Amino acid sequence: MSTLDSILKETRSFAPSEEFRRKASISGIEAYHALCEQADDHYLSFWGDLARELITWKKPFSRVLDDSQAPFFKWFDDGVLNASYNCLDRHLAANANKIAIIFEADDGEVTRVTYSELHRRVCQFANGLKSLGVKKGDRVVVYMPMGIEAVVTMQACARIGAIHSVVFGGFSAGAVRDRIQDAGATVVVTANESVRGGKNVPLKATVDEALALEGAESVRHVVVYQRTNGGADWTDGRDVWWHKLIEGQSEACEPEWMGAEDPLFILYTSGSTGKPKGIQHSTAGYLLGALNSFRWVFDYKPNDVFWCTADVGWITGHSYVCYGPLANGATQVIFEGVPTYPDAGRFWKMIEQHKVSIFYTAPTAIRSLIKLGSDLPKQYDLSSLRVLGTVGEPINPEAWIWYYETVGGGRCPIVDTWWQTETGSTMIAPLPGAIATKPGSCTLPLPGVIADIVDESGAQVEPGRGGFLVIKKPFPSLVRTIWNDPERFKKTYFPDEFDGKYYLAGDSAHRDENGYFWIMGRIDDVLNVSGHRLGTMEIESALVANPLVAEAAVVGKPHEVKGEAVVAFVVLKGARPQGDAAKTVAAELKNWVAHEIGKIAQPDDIRFGENLPKTRSGKIMRRLLRSIAKGEEITQDVSTLENPQILQQLQQPL
């Protein structure tokens, strides 16, 4: 990609109200610019001062940044701390009885847990893990429903220095096995079932299936939380019930004091080569990013009630459910269910009931709720809201305006946040009391984040032209490496084209005349479906694993609810099916992908051809397939196409 023309033109702008600005922690654009200047002029002391102010250290650090082995950066590396201590223990003296979590189950039952109670539960479970032989540096895979126990598990791992790797509960047995195998996990923590939308979904059965596959032999124990009355198949000697494990365990557990650069967790994200990437985050740098961005981006105040709707299986649930809110001593809502069960007013009812003041959700959820009409939110008292946020993908301006007017009543700033699994915390977003917002733009980088848009040579592109989004200086919460694959880390994020100097985000973007950033999409073959990144190669590999399939190529096309829909172009081993036969095979392949990877990756559209469009060198012409998927006129040069006759076949929907 050199540069791209920007198609989206948005001129509407919304400044923070005088009342909001007056009460904001960072108030007015001058305050924002002052922080940016401070970071630009004294970069290391800027981050060092924040780390000293916000983190409780067992042993203070003496050096802020070691970049001698760039791009393997080390921050605060001689400091000693514990993430769980920073999220729990340090709040007990003044806020032991403050509510930490308001958990609402799928059926509406509400459980409130104080910081004191959460600390007790974490210590007991941490001691339980220690009784299973889990020690500092061991990897624990977490395959749990959204709930208090998921947070307890993650915090317990952090407390004893174990490295957690949370796997989204919708992933298949094969995906769970792949992550167990790559991490070398010794323990899996799961539940017998999860409950979503009134339906029980088996989790332990999926773990059992994963552990029966080759490559999962490292697992010694499976801890099972009994979420429902449903049973679970049992392997004596390996499986242990959660309630039995914590029985009689001490309610105190001394934290394992960790080096600042010791790994806190691994979170797997999709890669364009098919093999998931184990994104490894450090203890201190990651914690600082989550902690500080939470208070800045959401203008957090001690009496706020925060609700992030993300699952802990994704980075948003790590940074803005498990770590950011708790490190700030916040009260937050955690929700097990879905926004449309038992009816489409569920989100609004919960905001009213729990007096939520900061609401952070995905554009996918907003778009799905828009389809149900504007009357529904108006039936609820949403006056407690003061900040709205979006995450996971760019939000289209129309959805932004609906969110702003219908949900926020035209008084709540919207923080459209751009960041990634790899960045660990928010990078570009409006500070709500300082920056005027524009529908569809994530606006300006946070102070201390040196973001830019460049062409293939690394030169800055002019406003209105698209290019590569890069971050030019290291920052504390940046991914440290890809687990067990440092070469892939360098090649993916610090490529030779930029002399290894810039972090390449993998997104294209442009800047407008005010310097605001507008995200345009992915530059690689990773799809963004409902805010979740899915590798095309993983889906293609799953399709080709079906005995009927010879070859497959997967691309995305715009979808009004999910952001992107999965479109698969498939060549069968037998003849190209047509009519009802094609529909039958397509249905079978969709179910196959759902089983192999998870429902989230299920193709929305499958097209059959006798072949795929390839260059004479055998390379699949994916840009051509994207045009076909979108129903666009083919304008690409097809002179190098080996088999132009198959284009007509692939343009025919079922």
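Note: Cβ is positioned from N, Cα and C throughout, glycine not excepted.
Listed features, source Swiss-Prot:
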type: BINDING; residues: ARG196, GLY197, GLY198, LYS199, THR316, SER530; note: CoA binding site
type: BINDING; residues: GLY392, GLU393, PRO394, ASP416, THR417, TRP418, TRP419, GLN420, THR421, ASP507, ARG522, ARG533; note: ATP binding site
type: BINDING; residues: VAL544, VAL549; note: Mg(2+) binding site
type: MOD_RES; residues: LYS619; note: N6-acetyllysine
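Location within the structure of each feature annotated in Swiss-Prot.
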| residue | record | DSSP class |
| --- | --- | --- |
| ARG196 | CoA binding site | strand |
| THR316 | CoA binding site | helix |
| GLY392 | ATP binding site | coil |
| THR421 | ATP binding site | coil |
| ARG522 | ATP binding site | strand |
| VAL544 | Mg(2+) binding site | helix |
| VAL549 | Mg(2+) binding site | strand |
Residues satisfying Cβ distance under 8 Å from THR421 (ATP binding site), sequence separation of at least 6: LEU267, THR269, ILE279, TRP314, ILE315, VAL479, ARG533
Under 8 Å by Cβ from SER530 (CoA binding site), same chain, sequence gap 6 or more: ALA362, THR364, GLY392, VAL561, LYS562, GLY563, ILE600
Set of same-chain residues at least 6 away whose C-beta sits under 8 angstroms from THR316 (CoA binding site): CYS308, ALA310, TYR360, VAL391, GLY392
Least surrounded among the binding-site residues, given as GLY197, GLY392, PRO394, when other CB atoms within 10 Å are counted: GLY197
PRO394 (ATP binding site) to LYS199 (CoA binding site) - Cα separation in whole Å: 31
Conformational class of SER530 (CoA binding site) under the three-state DSSP mapping: coil
Rounded Cα separation (Å) that holds between ARG196 (CoA binding site) and THR417 (ATP binding site): 27
Most crowded position, judged by CB atoms within 10 A, among LYS199, ARG522 as binding-site residues: ARG522
Pairwise Cα distance maximum in Å, ATP-binding residues per record: GLY392, GLU393, PRO394, ASP416, THR417, TRP418, TRP419, GLN420, THR421, ASP507, ARG522, ARG533: 18
